[in-house]
Structures are given as C-alpha cells and as structure tokens.
Amino acid sequence: MMWPELDLLRGLAGLAMVVNHTAVGLVPAAATGLIALPDAPLTMTPVQWASFLGSFAPMIFFFITGVGYGLQARAGGVGRKPGLWSKAAVLVFADAMLWRVGGLWIGLDFFGFIALSMVLLGSLNRLDRRHAIVAVAALLAAVSVARYAAVPLAGRVLGPEAVGLVAQLTGHRAVSGISFPPMPWLGYPLAGFLVGAAATASAGFIDRRRVAVAAALLAAGAACLAAAAWFAAHGYPLHRWGRLAPSSYAAGFAVLAALLALCLLVFPPRLGGAAGADGAAGSADRGPRPGFGLAVRGLSLRGVAAFAVVPLHFLAIDLAELAGVATATAAGVFLACGIVAAFALGAAPLVMAAAERVRAHPRADAAWFVALAAAAAALAAIGLPALRGPAGSAVASLGQLALCLLLALPLPRLAQAREPSDSVPARDAAPAAR
C-alpha cells in the first residue's frame with residue numbers, strides 16, 4: 001500500500017531544511033543575534049523559532065528513511081535488493097562533495113548517514129519481519145543507552161581519558177568532520193523502521209482510526225517533549241548542533257510524533273478501507289481532505305525529488321551569497337525563505353521528471369556515464385583555489401544534481417547483469433535527502 005503521508009512528511013522536512021539553511025546562510029555575521037537561540041526557549045522570536053524548528057530536518061529525513069524500509073519488512077524476509085549498494089555509493093559520492101566544501105577528505109555528513117542507514121536497514125530487512133523488528137528494537141535501545149547512559153557513566157567513573165576513543169565513537173565527544181555520529185543518530189532511522197513495520201502490520205486499523213492514532217502519537221510526543229524540557233531544565237541545550245544532547249534527542253521524537261499525527265489527519269481514510277489479506281488497507285489512492293490540496297501538492301516529495309531538493313536549495317542560497325544578498329531583518333529572512341523554498345520545492349519534481357525521461361531513453365546507459373563524469377569533475381573542481389566558499393558549494397550542488405540521474409537510472413547493463421533480481425518491489429524506500 002502506498003502512503004502519500006510519507007511524501008508530505010518528506011516535503012515538510014524539505015521546508016524545514018530550507019528555512020534553517022536560508023536563515024543561517026543569508027543573515028550576516030553582524031546580525032546573528034537575529035537567529036541565535038536564547039537560553040530560555042519561551043523568549044524566542046518568530047525567526048528564532050523558525051530556525052530552531054528547521055534544525056529538526058535531518059531527524060525527519062533519517063526517520064523517513066527508516067519508515068521506508070520498515071514498510072518493506074515481510075514475513076520470510078526481503079530478498080537482496082540489487083540497487084542497495086549502488087545507491088549507497090552514490091550517496092557517499094554526494095557526501096564527499098560536502099566534505100570537500102569543508103576542506104576535508106573524509107567525514108560523515110547528511111548523505112553519508114543516509115547511506116549508512118540504508119545499508120544497515122536493508123541488511124536487517126533480509127531477516128524475517130519478526131526477527132528484524134527485534135533486532136532493530138535492540139539496536140535502538142543500544143545506541144540510546146550507549147550514548148546517554150553507559151559512556152557518560154564510564155567517563156565519570158574511569159575518567160574522560162579512559163573512554164576517549166569510545167566517547168568519540170558514540171558521539172559523546174565531537175569529532176571533526178562527523179556531523180552525524182551513528183550513536184545516537186541511528187536512533188531516528190531505527191525508530192522509523194519500527195513505525196513502518198507497525199504501519200504495514202496494522203494498516204487497516206490505522207486507516208480506520210486515524211484520529212485515535214493521531215491522538216496517541218500526540219500523547220507520545222508530549223511525553224518526549226516533557227523529557228526534553230526536563231533535560232533542558234537541568235542544563236542540556238535544546239539545539240542539535242555539536243553533540244546531540246538528550247534534550248535535543250527527545251525533542252526530535254516529539255517533533256516526529258507531531259508531524260506524523262498531522263500527516264495522518266490531513267488525509268481521509270481510503271475508500272472501502274477494509275484490511276486486505278496482508279493487513280493492508282484498501283488500495284484506493286486518495287487525495288488530502290478539502291482545503292489541503294494546494295499545500296499538499298506543493299509540499300509533497302517522492303523519489304529523486306527528495307534528493308534533488310537538497311542541492312537545489314543550497315544552490316539558491318550559494319548564488320544569493322555570491323550576489324551579495326543578505327538580510328538583517330525578520331521580514332527579510334521570511335521573504336528569503338519563501339523564495340528559496342518555492343524554487344527548491346518547485347524545481348525538485350522537475351528534476352525527477354527529467355530523470356524519468358532520461359531513464360526511458362534508449363541511450364540511458366550513456367547518460368549514466370555522462371552524469372558520473374560530470375559529478376566527478378565537480379568533485380575535483382571543488383578543491384581549486386578559485387572555488388572557495390559559496391562558489392565551491394555551488395559547484396558541489398551542481399555535481400549532486402548530476403548524481404540525481406545516477407539514483408534514477410538503473411546500472412548500465414554490463415554491471416546490472418551481475419546483480420540478482422529483487423523479490424520485492426521498492427515502494428516508499430527511496431532515500432530521503434536532507
């Protein structure tokens with residue numbers, strides 16, 4: 001069963017990302033107080049709230065990646081997916097461009113973390129659904145406990161030097177170039193997998209009782225928010241930059257629960273939403289409730305469009321910076337966010353449509369190699385002295401747009417012949433980009 005709610009959730013994540021990066025990129029250094037977060041959240045201005053809520057975008061995207069794999073979980077396991085490793089390689093390629101913009105040769109940024117999540121969850125999905133759920137739940141508990149209990153306790157007992165490397169590996173201590181340490185960031189795709197598996201097993205119930213399920217999600221979100229507030233009251237920061245504090249970790253789940261509830265309520269039940277033989281609700285697709293159509297159509301992202309929105313919005317911000325555009329007012333920030341969002345969210349489906357046309361072309365194999373060469377040229381050019389700052393970032397964005405083709409196109413026939421066919425069609429598991 002298709003879930004248009006996921007497309008809307010991807011779009012909301014894309015909007016949050018645009019708001020956060022536009023505010024950070026176009027507010028001059030002399031006016032950073034406009035978006036800097038105060039110690040007391042209740043004193044934040046509308047611009048600060050927008051920037052703060054936008055910072056949850058990676059958590060939403062990572063969560064959606066997990067949901068996609070959870071939706072594919074099957075009794076007896078899922079057969080080997082031939083495109084898994086090639087798509088993960090493309091994402092690491094895109095991630096390398098982010099490293100080079102920062103002057104690094106190795107790291108772990110947004111795209112690389114999604115690749116890591118895909119490989120992990122795709123491998124676990126080969127297990128029987130019940131075993132996969134148990135393994136994912138155990139990993140979720142392990143990464144959370146290791147980051148927020150075991151390593152901090154060991155550091156207090158044994159001393160910080162004794163757990164130095166372990167603290168870095170678990171994200172308790174920041175490491176240069178590692179924007180998203182696996183612990184605890186893997187908690188979000190792992191939790192998403194559990195939600196996706198539950199949605200597959202109980203699709204009919206969820207569809208018939210949307211309001212009740214949304215209320216339960218809001219209650220769970222309120223509990224996470226209370227935990228975040230408790231940690232914040234005890235000195236932990238709510239913003240996610242640097243080490244992900246327990247307050248930020250809990251707040252991320254609160255935001256996810258609220259957005260899931262919203263997406264469920266925006267869409268009505270399916271026509272004849274009786275559960276099918278596999279527990280799925282009736283397959284009749286439907287649009288959103290009256291009054292939400294325009295917003296849903298403008299925000300929803302699927303497939304390659306969810307990847308393309310990342311380089312598109314960065315390209316718009318980089319070009320604005322190169323043109324000397326800056327704003328030091330709240331109205332200017334919101335206007336800039338609206339323009340960048342309209343461009344990125346509007347152009348992303350066009351990129352996907354273009355990629356699909358290329359895919360249907362008889363010379364699609366040649367296009368694959370051309371896109372690979374263009375991306376490689378962009379990666380090589382980023383390190384040139386003339387391409388520093390926004391110019392280098394713009395080149396990286398163009399290279400990542402070329403990689404959209406590699407995600408949309410099948411491997412050339414020579415490479416494809418070596419990979420076995422997949423036993424389960426991909427549905428909502430297209431990698432969600434930052």
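Including glycine, each Cβ sits where the backbone N, Cα and C put it.
Noted in TrEMBL for the protein shown:
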type     : residues : note
DOMAIN   : 4-202    : domain 'Heparan-alpha-glucosaminide N-acetyltransferase catalytic'
TRANSMEM : 12-37    : transmembrane segment
TRANSMEM : 49-71    : transmembrane segment
TRANSMEM : 105-124  : transmembrane segment
TRANSMEM : 131-150  : transmembrane segment
TRANSMEM : 185-206  : transmembrane segment
TRANSMEM : 213-236  : transmembrane segment
TRANSMEM : 248-267  : transmembrane segment
TRANSMEM : 299-317  : transmembrane segment
TRANSMEM : 329-354  : transmembrane segment
TRANSMEM : 366-387  : transmembrane segment
When counting Cβ pairs under 8 Å to the transmembrane segment (12-37), the leader among 131-150, 185-206, 329-354: 329-354
Residues of the parent chain within Cβ reach of the transmembrane segment (329-354), under 8 Å, 6 or more residues beyond its termini: 11, 14-15, 18-19, 22-23, 26-27, 34-35, 45-47, 50, 298-299, 301-306, 308-309, 312-313, 316-317, 320, 401, 404, 408
The transmembrane segment (248-267) vs the transmembrane segment (213-236): 3 or more CB pairs under 8 Å: yes
Model confidence over the domain 'Heparan-alpha-glucosaminide N-acetyltransferase catalytic' (4-202) (mean pLDDT, whole number): 86
